[in-house]
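Undergrad: Residues annotated as domain 'Ion transport' in TrEMBL: 5-224. As annotated by TrEMBL, signal peptide applies to 1-16. What TrEMBL records for 26-44, 65-84, 126-145, 165-182, 194-219 is transmembrane segment.
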Amino acid sequence: MRTATYFFIFLNLSLAMFEEPAVYPLPFLVTSVVEVLCLLVFFGRLTHFAKVTHRSVFWKDTKNICIMAAILLSLTDLAIYGVLRIYNMKSVRWSRIVRPIFLINFAESRQIRRAFRSIRNTLPEITYVFLLFMFSLLMFSLMALKLFGERNLQTAEGLPYFRNYLEIVFDLYVLVTTANSPDVMMPAFDFSSWYALFFIAFVIINTYIFMSLFLAVVYNNYKKHLKVI
């Protein structure tokens, strides 16, 4: 039964690859029948669990309530989406976001719940490091706006370079991952090679120092909570 539960959970999550918009699109009737089958299996598993569990214990367990709510929401959303398709009206399957609930809340997923509890307990303790990182990012973005915003620089595509504060924040945030390096700094470097010092300082502080610190805090706190749970 555990293997069957995991199989249908995996099948239910895999529907995202075949539902519109999809990587490998299948007809709506096919995906809806598979989803209904998965939901019926989940409901049968929950019913079986209710038969071997005392009623007061069953209804006090929030995991069971979450599974029942996810089944009802999925069926309701599927019915609404199907009716709208009949009348050629566009809609969005908003219930897809509740599908991971089945993976987390079934009794067989004890280790997954343990990992999620560790993540939840770790989040408040890494908030301070994250806020410091965001403060550094915002300050560097403000300095970039003052340094480059009034020099009428342009990117290789002829677009304005570092003149919008929010776009600067996004570009520097991407630079933390080095995904847009060195392209993001080339217009400033072409104007004056001294401007490379700004980007070097940014990468050293935010990529090498803050990201290493952030990773260390996350790892240590997650490891600590994993031992406690």
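Each Cβ is built from the backbone N, Cα and C atoms, and glycine gets one as well.
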Undergrad: When you scan the chain for residues with a C-beta under 8 Å from the transmembrane segment (26-44), skipping those not six or more beyond its ends, what do you find?
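TA: Long-range Cβ neighbours of the transmembrane segment (26-44): 4-5, 8-9, 11-12, 15, 18-20, 67, 71, 74-75, 78, 82, 85, 102, 106.
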Undergrad: Residues sitting near the signal peptide (1-16): Cβ under 8 Å, six or more positions beyond its termini, same chain?
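TA: Contacts of the signal peptide (1-16) (Cβ under 8 Å, skipping residues fewer than 6 from its ends): 22, 31, 34-35, 37-39, 41-42, 45, 48, 96, 99-100, 102-103, 106, 108.
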Undergrad: Looking only at the domain 'Ion transport' (5-224), what is the model's average confidence as pLDDT?
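TA: A mean pLDDT of 88 is what the model gives the domain 'Ion transport' (5-224).
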